[in-house]
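Copied over from TrEMBL, here are the features:
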| type | residues | note |
| --- | --- | --- |
| DOMAIN | 12-189 | domain 'Cytochrome b561 bacterial/Ni-hydrogenase' |
| TRANSMEM | 21-39 | transmembrane segment |
| TRANSMEM | 59-79 | transmembrane segment |
| TRANSMEM | 118-138 | transmembrane segment |
| TRANSMEM | 150-174 | transmembrane segment |
| REGION | 209-229 | region 'Disordered' |
Amino acid sequence: MSHSNTKKGILRYTWWARTNHWVVAISFVLLVLSGLALFHPFFWSFTGLFGGPIPTRFIHPWIGVVMSLFFLLLAVQFFKESFIKRHDIQWLKQIRDVLSNRDEKLPPVGKNNAGQKLVYWIMVACVPVLLVTGIIIWRPYFADAMPLWLLRFAVMVHAYTAFLAIITLIIHIYSGIWVKGSIRAMVQGRVSKAWAKHHHNLWYEEVMKERNPPSADKDDDSSRQQQSP
Ligand code: HEM
């Protein structure tokens, strides 16, 4: 069943993880477009994408519910690999090296780097807040039953949280394009060994260890240097 052991490349995202990710991504973009259209007249023309202002108002919360459900599934899948470790803190401290492409100076990286993990945790914080505040202000189902102060508070929190999520998404998309091969990883699922070794060294080693269990302890040590600082 597992295809992660073929000689060609390494499986980074399963079929389900990729489908799940792109459902979240597409619904998120639709949420941003419809949400902005509702937020400010400057974006009014976006209502055209959804068949006019009334359908936009109607569809936005429903897309939010779909996105939240799929995001929950995505968040569960990526949970374990998203814990911030000590080498991640070091990576963040060296963010200048990251941004200047001085990769050789960076500490080794696991399946995800600290930036990716932060995206994960920011979204894990934002999505439930967006969902809960969105439900509170959802007319005609819930909003009418809410006190005015709560509605005002929820609208404000909804907007600020959406702003944070949008900025995070922009950084996320930008990084995905910047680190060549990432988009392909999320589309096709596989990455080359060279890519894995270069960008996610510790993960590469783990995968290699799984492929060649340490039974014959013939290690030539060539893959261990990155353990040292
Ligand atoms: C058009 C929008 C999006 C694009 C182009 C995009 C692109 C990508 C790419 C290329 C990766 C793989 C990175 C790698 O393996 O190195 C990835 C991973 C991921 N994406 Fe997205 N994404 C989008 C939207 C979203 C949204 C809306 C969320 C969550 C709300 C999300 C959550 C994640 C998570 C949790 C991962 C795994 C960890 C990480 O690489 O950050 N993505 N995405």
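Each residue, glycine too, has its Cβ placed from N, Cα and C.
Regional average pLDDT for the domain 'Cytochrome b561 bacterial/Ni-hydrogenase' (12-189) in the model is 97. Contact between the transmembrane segment (150-174) and the transmembrane segment (21-39) is present: at least three CB pairs lie under 8 Å, with pairs separated by 6 or more positions in sequence. Long-range contacts of the transmembrane segment (59-79) within the same chain, counting only residues at least 6 positions beyond its ends with a Cβ under 8 Å from a Cβ of the stretch, are 16-17, 20-21, 23-24, 27-28, 30-31, 34-35, 38, 50, 112, 120, 123-124, 127-128, 130-131, 134-135, 138. Among residues of the same chain six or more beyond the transmembrane segment (118-138), those with a C-beta under 8 A of the stretch's C-beta atoms are 61, 64-65, 67-68, 71, 75, 78, 82, 84, 112, 146, 150-151, 154-155, 157-158, 161-162, 164-165, 168, 171-172. Listed as Cβ neighbours of the transmembrane segment (21-39) (distance under 8 Å, sequence separation of 6 or more from its ends, same chain) are residues 13, 45-47, 49-50, 53, 56-57, 59-60, 63-64, 66-67, 70-71, 74, 159, 162, 165-166, 169, 186.
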